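Record features, source Swiss-Prot:
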- 31-135: domain 'PTS EIIA type-1' (DOMAIN)
- HIS68: site 'Important for phospho-donor activity' (SITE)
- HIS68, HIS83: Zn(2+) binding site (BINDING)
- HIS83: active site, tele-phosphohistidine intermediate (ACT_SITE)
- HIS83: phosphohistidine (MOD_RES)
Amino acid sequence: MGFLDFFKKTATLDLIAPISGKVMSIDKVPDEAFAEKIVGDGIAILPTSNELLAPCDGKIGKIFKTNHAFSLETKEGVEIFVHFGINTLNLNGKGFTRVAEEGINVKQGEVIIRLDLEYLKEHSESVITPVVIANSDEVSSIEYSFGRLENDSEYILSSSTVLTEEIRHKISQTKPVIAGKDLVLRVKK
């Protein structure tokens, strides 16, 4: 650490679940671009609700014209990408209703896109929803919250944690997260 590094401010950003459901490791996503963290590091959620919410305050950078994904830029310079399902681009927007618009500032928990979850379950390859930090190479650390255990404690791991079978088993025992309420990612920049 150099002398000037002492004066650099670090920012911590807590991201809430943008959709209710079961949190899983990003490497379980059935799409190589997400599973290999090419798009960015983060988590995935197997959804149970019908709305995609803003995981934090920020400015909507992009909403795909098919309304299946959006990006959010925070004042701290963190770029978040929320992508509903796998190959849902092929649905040409069917099952998705845009609520917010590109370029607007949103607050944590605001609805960005409404979903017809039953239709999407029937017509998409997968509804697993990756939530990633697109510029994860520019952040100092990422912690993942996989939900709460039976004793109501949060199960949080860092990006340096090796996902052993024991840890994967513990993750599988967590309760589903609630959109707009439960922490899913903590990012330090």
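Backbone N, Cα and C atoms are what each Cβ position is placed from, and that goes for glycine too.
Minimal Cβ crowding within 10 Å, among the recorded positions HIS68, HIS83, is found at HIS83. Mean per-residue pLDDT, taken over the domain 'PTS EIIA type-1' (31-135), amounts to 97. For the pair formed by HIS83 (Zn(2+) binding site) and HIS68 (site 'Important for phospho-donor activity'), distance between Cα atoms is given as 6 Å, rounded to the nearest Å.
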